[in-house]
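Asks: Sharing the feature lines straight out of TrEMBL:
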SIGNAL    1-25  signal peptide
TRANSMEM  228-251  transmembrane segment
TRANSMEM  296-321  transmembrane segment
TRANSMEM  327-351  transmembrane segment
TRANSMEM  363-388  transmembrane segment
TRANSMEM  394-416  transmembrane segment
TRANSMEM  454-473  transmembrane segment
TRANSMEM  485-511  transmembrane segment
TRANSMEM  523-543  transmembrane segment
TRANSMEM  555-583  transmembrane segment
Amino acid sequence: MASPAAAAPGVLLALLALAVTGVVADGSDHRYKANELVPLYANKVGPFHNPSETYRYFDLPFCSPEKVKEKSEALGEVLNGDRLVDAPYKLDFRVDYDSKPVCSKKLTKEEVAKFRNAVAKDYYFQMYYDDLPLWGFIGKVEKGGKADPSEWKYYLYRHIIFDILYNNDRVIEINVHTDQSALVDLTEDKEADVQFLYSVKWKETLTPFEKRMEKYSSSSNLPHHLEVHWFSIINSCVTVLLLTGFLATILMRVLKNDFVKYAHDEEAADDQEESGWKYIHGDVFRFPKNKSFFSAALGTGTQLFALTTFIFLLALVGVFYPYNRGALFTALVVIYALTSGIAGYIATSFYCQLEGTNWVRNLLLTGCLFCGPLFLTFCFLNTVAIAYSATAALPFGTICVIVLIWTLVTFPLLVLGGIAGKNSKTEFQAPCRTTKYPREIPPLPWYRQTIPQMAMAGFLPFSAIYIELYYIFASVWGHRIYTIYSILFIVFIILLIVTAFITVALTYFQLAAEDHEWWWRSFLCGGSTGFFVYGYCLYYYYARSDMSGFMQTSFFFGYMACICYAFFLMLGMIGFRAALFFVRHIYKSIKCE
């Protein structure tokens, strides 16, 4: 019989798998009887334009019970910043209420100032009723055409109206709006007596329960949005076709001429001057500098590519439906943990192919290459969130769970993958023998240096995805819903193709200039799109969003730096693999002495 310690990783994996696939239901398929209490949870409040800056609902002085009852949450929900508690409103199934009091309270000067500050920053609240999300603003600002903020009027909504649709014994839809005549003036710092009210209106609908979530995804499928998405696809496809056609025509013609020329040179006299990519055949497969670091980058990039592929598969089968709270974060954590073996295997096997000896250090480097910067970024941003008392600050227990996953799943799989890679005994397949001493690289013009080549390599792939980037940013860093994963997957495939082709083209021109140090160059050129995406972050923050404040700014640029770094590693791997395939192919086609 297996010991509990031995069984723990298996149990953890099973639970994580259940969490991702959604087998562990969250009570969203409940049937209710008349007058039965349907759970309503208050989630969070925060500035509308700062999606990362959210606070607990009762951080604002609303009507609160003596003891706030918190809902137990999954890992993904906590990572998403959700902190669900029982709301002060009681919404019984099919029971109408008209101006029912929640509580009466006397707001102190400090509480009035707190509410006024929240209204000035466009604070919204979010709740969940039978797992259906609803939002509303807590107040409004009347500017009266005046430019001076000191002359504006600030009002708090004290009467919330819930409109609920039901079909037979199930909740189908819920909307919330406020009574514009029931306002509390917050303009001055003085105490205020407030009676909070709410009304509930039930209506029957024929909409089936299975289609109740379509309301939230329909905004992504509006005709004008779809037109823009398809324009993005067509633009990307045209880019790919032009680039592919250009490269196929030019490279095939040039390579054909090269093959003819080199075949003729072999028959001609040996005293003519050597030039071109053939004559560096003795150096082109010389192993790169910092091969442990290079192998680790290759392994980590492969793992991130596998992670992205699995996330797309889950998205395409409908796991990430709108407001499936925390599903994406849960999937990211679980799949990253389970794919760490891929990173260990690829990194160590390639390192051993490059005749590396210290494979243990290479394995540790692989484990830290992406997790290290991500962990440091998280520590800083979590400290900022704690200072702001925001819900983005992870509780100690959640941090322990993540550490446990890393200890029990990620690291053991990384080590197992590394051992398998070390024992694979595969040799590096080089069509040409490498000379003992490296050939000197001739002086190159400035535009053939690494930085200009990276700029050229990153621009085309970025141009193929930049239209779709806006919608992704508006979803991740805003309140727009993104559900057209099929189009996003097509754009992702196009991105990979363009990255591979542009890297191959630049590698050929580099070799033709007799520069044989193409290993790192192909990786850097392939991954350079990540720098362009980060440049787009600057543009989006200042030109397309209304985000502000130190916390939101640090979260946006901090986590986007990690995402762009992941892009760099993944696309760098794609670029290098394409370049390696190409270089092997052309040197197999010539006679190397």
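Glycine too: its Cβ is placed from the backbone N, Cα and C atoms.
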Asks: Determine which residues of the chain contact the transmembrane segment (523-543) at the Cβ level, with the cut-off under 8 Å and only residues 6 or more beyond its ends counted.
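Replies: For the transmembrane segment (523-543), the far contacts come to 294, 297-298, 301, 450, 453-459, 461-462, 466, 469-470, 473, 477, 495, 499-500, 502-503, 506-507, 553, 556-557, 560-561, 563-576, 578-579.
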Asks: Checking distant contacts: for the transmembrane segment (296-321), what same-chain residues at least six beyond its ends satisfy Cβ-Cβ under 8 A?
Replies: 20-22, 213, 217, 327-328, 331-332, 335-336, 339-340, 342-348, 350-351, 362, 365-366, 369-370, 483, 485-486, 488-489, 492, 523, 527, 566, 569-574, 576
Asks: Are there three or more C-beta pairs under 8 angstroms joining the transmembrane segment (454-473) and the transmembrane segment (394-416), sequence spacing 6 or more?
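Replies: No, since the transmembrane segment (394-416) and the transmembrane segment (454-473) share fewer than 3 Cβ pairs closer than 8 Å, they do not count as touching.
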Asks: By a Cβ-Cβ criterion of under 8 Å, what residues six or more beyond either terminus of the transmembrane segment (363-388) are in contact with it?
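Replies: Result: 53, 292-293, 295-297, 299-300, 303-304, 340, 343-344, 347-348, 394, 406, 410-411, 414-415, 418, 550-551, 554-555, 558-559, 561-562, 565-566, 569.
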